[in-house]
């Protein structure tokens, strides 16, 4: 039988992973302006996300513009959008499925069926974590490649934004949650314990009354025959 505490820990991590992935997907600071070289003194700082880009002035005013078209964006941005949306959908579905398979709920009272449902929820968490980790790692690689490339001008270089750190942590939470839910159930162990108890109980109840009744019957018969002839 799966441990209730382990399942709760896995489910909470999955919820945190879903929340972090959704926030990281919407944040506009996947890439932030790099203040190196000639661009160390500038009046405007830029940040780019999956859905919008923002400009922060030296006065503290920030202006954000949503991308006017999605089809005109670079291929890596489009792929990141699709994978992050799919990751959030997978994690949301995993949260719903895992609720049915957890021991603290009243759904699906059969313990074996609950274990199977919990494993399915864990698999969806793992898929959501993988889909959320790929675009984050992809953008992280592109930022580091352009930053250390001598062919890219200093004004075109960006640094790692806070959204990427949040995306990495959220993806790891989803992966760990899926692994916990998948390995917290052991159907084979439950099956062996169930059959062992079922076979041992009838043998104990049937053998003990017979052994106790046979000597008693012999003693009654012997006493009856002796008193009758005397």
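Glycine is treated like the rest: Cβ placed from N, Cα and C.
Noted in Swiss-Prot for the protein shown:
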| type | residues | note |
| --- | --- | --- |
| CROSSLNK | 218 | SUMO cross-link |
| DISULFID | 54-64 | disulfide bond |
| MOD_RES | 219 | phosphoserine |
| MOD_RES | 223 | phosphoserine |
| REGION | 205-230 | region 'Disordered' |
| SITE | 65 | site 'Paracellular cation selectivity' |
| TOPO_DOM | 1-7 | topological domain 'Cytoplasmic' |
| TOPO_DOM | 29-81 | topological domain 'Extracellular' |
| TOPO_DOM | 103-116 | topological domain 'Cytoplasmic' |
| TOPO_DOM | 138-162 | topological domain 'Extracellular' |
| TOPO_DOM | 184-230 | topological domain 'Cytoplasmic' |
| TRANSMEM | 8-28 | transmembrane segment |
| TRANSMEM | 82-102 | transmembrane segment |
| TRANSMEM | 117-137 | transmembrane segment |
| TRANSMEM | 163-183 | transmembrane segment |
Cβ neighbour count within 10 Å, max among the recorded positions 54, 64, 65, goes to 54
Residue list, the topological domain 'Extracellular' (138-162) vs rest of chain: Cβ under 8 Å, 6 or more residues beyond ends. 27, 29-34, 36-39, 47-49, 76, 79-80, 168
According to DSSP, residue 64 (disulfide bond) sits in strand
